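Could you have a look at this structure, given as structure tokens, before my questions?
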Amino acid sequence: MLNKPVLVESLIVFIIVLFVHAVVWDRYSWCAVALAVQAFYVQFKWDRLLQLGGAVFQFRTAANSGLLPASMVIPLLGIAMKERCKSAGIVYFERFGIVVASTGMLVALFLSVIAVGITKPVPTNTCILTGVAGSIIIYTMKHSLTVSEVIEVLEVLLIFVYLSMILLYLLPRCFTPGEALLVLGGLSFVLNQLIKRSLNVIEGRGDPIDFFLLVAVVGVVLLGLFFTVLFIFMDSGTWISSMFFHMMTAVLGLGVIMPWLYRLIQRNPLFWLFQFLFQTQTRVYLLVYWTFLAASACGIVFYQNAKRSSESKKHQASTITRKYFHFIVVATYVPGLIYDRQLLYVAAVLCLAVFIILEYIRYFRIKPFGQTLRHLLSLFLDERDSGPLILTHIYLLLGMSLPVWLFPRSCAPKGTLSGAGALVPYSGVLAVGVGDTIASVFGSTMGEIKWPGTKKTFEGTMTAIFAQIIAVALILIFDSSVNLNSSYAWILASVSLVSLLEAYTTQIDNLLLPLYLQIMFM
């Protein structure tokens with residue numbers, strides 16, 4: 001029996017794929033369409049494996065596999081980047097976009113082959129489709145990539161395989177197969193880029209803030225792997241273990257991560273960061289404003305926990321209460337996008353590192369704050385936090401930040417793209433900060449007509465589309481760098497498709513929606 005919401009979700013993804021390739025049809029379009037068709041069939045094999053408990057690892061059970069929407073994100077991002085950089089005449093990043101697209105296709109194909117391989121009895125038709133899609137992709141790669149680029153793609157695939165075996169074993173029920181593909185695929189690419197750039201350092205080449213992102217992400221992940229292995233042999237909840245955690249975090253940070261960053265940017269990282277953060281008066285004002293918003297978010301957490309203590313032990317934060325944080329994040333990101341995107345880029349990296357380290361402290365029960373964090377954050381759990389880690393707040397930060405981090409600055413000479421591409425950095429604000437928030441608030445309070453097979457309402461989706469159009473109008477008024485060049489119909493179509501995807505997807509919408517909106521805008 002086919003799942004109707006999954007069919008509608010797949011139809012929306014197919015429409016997005018066709019929209020993108022109606023604009024940029026080339027040899028990679030055949031690969032993307034072939035990948036989408038085979039992923040559509042394979043995701044039902046994954047769903048069956050999850051229902052029967054036949055998957056190798058433990059995945060999140062309250063959602064479908066999400067293979068199709070996840071499989072198309074990285075390839076479409078690469079293709080969009082390739083076209084943008086090609087039109088700007090930046091050959092290096094045009095080739096980089098091709099590598100990104102090829103890597104995304106190969107990693108998604110690998111996950112499909114795994115599902116087909118462990119399905120019993122072997123699904124003959126799906127095997128044939130996967131083989132045809134794989135042949136098209138490999139044939140295109142053979143005639144498109146240089147030898148060094150092929151090696152780079154295979155390196156990322158190898159890293160993905162090892163990371164998947166390690167992290168999916170250590171973190172049961174934290175991901176669906178689609179979410180694992182997105183998160184671990186992206187992490188594998190970041191790790192490979194960091195290794196590649198560390199081995200080929202050229203003084204004065206590369207933006208320090210890009211190196212800062214790569215080192216920070218890889219550094220905190222390696223830190224987590226180190227402590228996970230260590231605390232297999234130690235009780236992490238004791239004071240001795242906690243002191244060792246704090247000491248080793250400082251040692252690894254100052255003794256490994258800082259020298260690594262120094263090698264890449266050729267200057268003292270701490271001095272560079274201090275100088276960067278306080279370079280202008282605007283940055284100081286933004287930092288003070290963001291500190292106030294961070295204090296407000298902490299105040300909400302403490303207030304809601306005090307409310308729980310006074311009312312009931314079983315009290316959980318409502319959907320509307322959780323959306324307060326979405327409003328705070330919008331208030332954080334919009335001024336940064338308007339006045340200083342580089343500062344926002346670096347501040348988001350720092351915030352991500354802090355969030356992940358705080359999650360380590362909560363997960364390992366590191367004294368003196370571990371147990372307190374467990375108590376405070378348990379109030380905001382939902383069905384998506386079914387594993388040992390609480391990831392929804394990290395996904396929210398990623399959803400808002402990825403469009404800023406992935407914005408192709410080198411292919412935008414004036415700091416912005418033309419047409420709808422000018423809204424690329426605002427993709428997270430529109431899709432998650434405005435669209436998802438308004439849909440959830442209005443849908444849960446006033447929605448009556450439900451979309452077939454889901455809990456989401458027609459009123460919530462329509463209100464979300466309307467709110468995002470108003471937000472685009474406000475961006476045009478307050479951000480003088482945005483010039484849409486009459487691409488309003490494309491923007492309306494993009495916002496509408498992503499809002500429909502929000503209504504039907506069971507994946508982490510904070511992560512998926514901004515990436516699809518970014519793809520459409522690019």
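Placement of Cβ uses the backbone N, Cα and C atoms for every residue, glycine included.
Features from TrEMBL:
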| type | residues | note |
| --- | --- | --- |
| TRANSMEM | 12-41 | transmembrane segment |
| TRANSMEM | 61-80 | transmembrane segment |
| TRANSMEM | 92-116 | transmembrane segment |
| TRANSMEM | 122-141 | transmembrane segment |
| TRANSMEM | 153-171 | transmembrane segment |
| TRANSMEM | 244-262 | transmembrane segment |
| TRANSMEM | 282-303 | transmembrane segment |
| TRANSMEM | 324-339 | transmembrane segment |
| TRANSMEM | 345-365 | transmembrane segment |
| TRANSMEM | 386-406 | transmembrane segment |
| TRANSMEM | 426-446 | transmembrane segment |
| TRANSMEM | 490-517 | transmembrane segment |
Using a Cβ cut-off under 8 Å, which residues of the same chain at least 6 positions beyond either end of the transmembrane segment (153-171) come close to it?
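That would be 57-59, 99, 102-103, 106-107, 110, 141, 145, 180, 184-185, 187-189, 191-192, 225, 228, 387-389.
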Could you tell me what the rest of the chain brings near the transmembrane segment (345-365), counting residues at least six beyond its ends with Cβ under 8 Å?
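Counting only partners 6 or more residues beyond its ends, the transmembrane segment (345-365) has Cβ contacts under 8 Å with 209, 212-213, 216-217, 219-221, 223-224, 227, 231, 236-237, 241, 245, 249, 273, 276-277, 287, 290, 336, 371, 373-374, 377, 388-391, 393-394, 397-398, 400-401, 404-405.
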Compare 12-41, 324-339, 490-517 by their Cβ pairs under 8 Å to the transmembrane segment (122-141) and return the stretch that comes out on top.
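Per the Cβ count, the answer is 12-41.
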Which range out of 92-116, 244-262, 426-446 gives the transmembrane segment (386-406) the most CB pairs under 8 Å?
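So the stretch in question is 426-446.
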State the residues, same chain only, that lie 6 or more residues beyond the ends of the transmembrane segment (61-80) and have a CB under 8 A from a CB inside it; answer 'none' if no residue qualifies.
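Beyond its ends, the transmembrane segment (61-80) has Cβ neighbours at 3, 6, 9-10, 13, 16-17, 20, 24, 28-29, 31-32, 35-36, 39-40, 42-43, 46-47, 50, 97-105, 107-108, 111-112, 115, 173, 176-179, 181-182, 185-186, 189, 383-384, 386, 406, 501, 505-507, 512, 515-516, 518-519, 522.
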Please give the sequence-distant neighbours of the transmembrane segment (426-446): residues at least 6 beyond its ends with Cβ less than 8 Å from one of its Cβ atoms.
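Non-local partners: 319-320, 323, 326-327, 329-330, 333-334, 337, 396, 399-404, 456-457, 459-461, 463-465, 467-468, 471-472, 475, 495, 498-499, 502-503, 509-510, 513-518, 521.
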